[in-house]
């Protein structure tokens, strides 16, 4: 008989410590990004997405910390029903974050491939409406999935309605992944292989690094929880190792996004003694780096 997941808790204590550290750092970084974009900086189409992505990452990391506490409670209270309920809540910000990243990549791709059409047919509040829809849709998907698959039970159910709900959830995640990959590849092809060389901006580099970070660190979480978790009947030692690996990589991914923003905003920057507000603002400027640096140098030239 396979052991419950928590009985492998005596193994690999170092990854658990790493996960806690990355989650705390990620929560702090995403909270700073959310505060600056929400209350200190002028928002544009892309900053609205990044603000909501930071919020989704923060909520996801917070949910993971609470989930870890609930996992400890199951040791003393095996019949704890809150774990299944909280699993639904934890899934919402993850799907919302993936949706935000797909929307950012798609909108950036459209702005590069069809710049005139994008400027003429992009209403002012499109990003806000899209973000609202992105939050509502994962919430509905997760609630319906838990309703058809026993709302307070995360065990796999062979009911036809549950199977259909699981299939729709996986299809939705696969759709987001395909959109993310295709839009990113199209953007890279236009930037490096298209006719007429385009200047790289900090915004392009930031989005590409964020997408790359998700593909390397965030995708295993999707594979485990939405593909393998319901297929296997129980946990074994290999499952626990893979489980811990997905949590470490996911924590790194959510922690890396704010680091990418601030690193790219300050990298090769001419201004000294920058504030976090100035660094984040430079990331959101959709202007070539050379032109940006020339403007900054002209500002620093002393007037006669």
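Note that Cβ sites are derived from N, Cα and C of the backbone, with glycine treated the same way.
Per Swiss-Prot, residue 40 and residue 279 occupy the same side of the membrane [matching topological domain names].
Looking at 146-166, 209-229, the range tied to transmembrane segment in Swiss-Prot is 209-229. Spatially, the transmembrane segment (124-144) is not adjacent to the transmembrane segment (245-265); fewer than three Cβ-Cβ distances between them are under 8 Å for residues at least 6 apart in sequence. Long-range contacts of the topological domain 'Cytoplasmic' (40-45) within the same chain, counting only residues at least 6 positions beyond its ends with a Cβ under 8 Å from a Cβ of the stretch, are 51, 107, 122, 126-127, 277, 280-281, 284. For the topological domain 'Cytoplasmic' (102-123), the number of residues in each DSSP class (helix H, G, I; strand E, B; coil) is 18 helix, 0 strand, 4 coil. In terms of DSSP helix, strand and coil, the topological domain 'Cytoplasmic' (40-45) has 1 helix, 0 strand, 5 coil.
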